[in-house]
């Protein structure tokens, strides 16, 4: 199961406390307590694995190690190792906290995106280690017993929202043939069956250097949470081009087209501005005259309309020609 939206709690490590110690060497009497080590910070780094968020499914509390306490003989505690969490490229990191940084209101949210493999962002900074008594010495106080506790590390609630990065998004009502087409073009092995909502999560396929995303079927009311709902609409945001599939078995393809467009527009008006190709899929399942009539109706709405069938080699080649022009 692809996890594409999950909320976790992230805590950086606390700084170690400073040490109170005295040098017993008669030639060098005085304080010798070292500083505590810094706590580990928490970073997130982009990886190509789309399933990387599954690591948080049963572990929603993540914490870096605390810094070690200071030692004797002027020896500082070592800094704790930073914790690097690997998350999929395309993830939006919403950092939520109750202790706002300067310029934010009390309950603030900071959103950052990871768009490249290896890109790293700081999520929570580790606390600084406290001073040992050596750093409190003065002419008036040659044997200080003061020390500092380490500072607390930052902690946040973090929502991780994956938005797939693909060149082309396949959209349409359930059972429009999206999975069959992406399988034919890319061997992506999406589920295929003659019933609605076969695809319950997005899947990706590659056609040469182009990435195609099979977006689960949308229905009227999807932008308001109906059916598979708003969950998958965000995956369309980063696609550059839309392949809109409408089944030739539909009684009213033009209505189907308008239904999908209405949902896209309700969710984000920018989605309907994307370059769009319309395919009347399963054209082998309807009489030729009926297919031509439906194509004519669709062309009144969008000129980029083609009838296709995965069982018709010529029509698949026409789709490949479009892909070749794009790449």
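A Cβ is built for glycine as well, from the same backbone N, Cα and C atoms used for every other residue.
All TrEMBL annotations are machine predictions without curation.
The domain 'Obg' annotation in TrEMBL covers 1-165. Summarising the annotation, TrEMBL assigns domain 'OBG-type G' to 166-327. Here TrEMBL flags 172-179, 197-201, 214-217, 281-284, 309-311 as GTP binding site. Per TrEMBL, the feature Mg(2+) binding site maps to 179, 199.
Locations of recorded TrEMBL features on the structure.
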residue	record	DSSP (3 states)
172	GTP binding site	coil
178	GTP binding site	helix
216	GTP binding site	coil
282	GTP binding site	coil
309	GTP binding site	coil
Margin query: Fewest other C-beta atoms within 10 angstroms of its own C-beta: which of the binding-site residues 178, 282 fits that?
Written below: 282
Note to self: At a 10 Å cut-off from the C-beta of residue 309 (GTP binding site), count the other C-beta atoms across all protein chains.
What the structure shows: 23
Next item on the list: Could you state the whole-number distance in Å separating the C-alpha atoms of residue 216 (GTP binding site) and residue 179 (Mg(2+) binding site)?
Entry: 9
Item checked: Per-region confidence, the domain 'Obg' (1-165) (mean pLDDT, whole number) -> 90
Notebook entry, point to check: Within 10 Å of the Cβ of residue 175 (GTP binding site), how many other Cβ atoms are there?
Noted result: 22
Check: Could you tell me the C-alpha distance between residue 172 (GTP binding site) and residue 179 (Mg(2+) binding site) in angstrom, no decimals?
Finding: 11
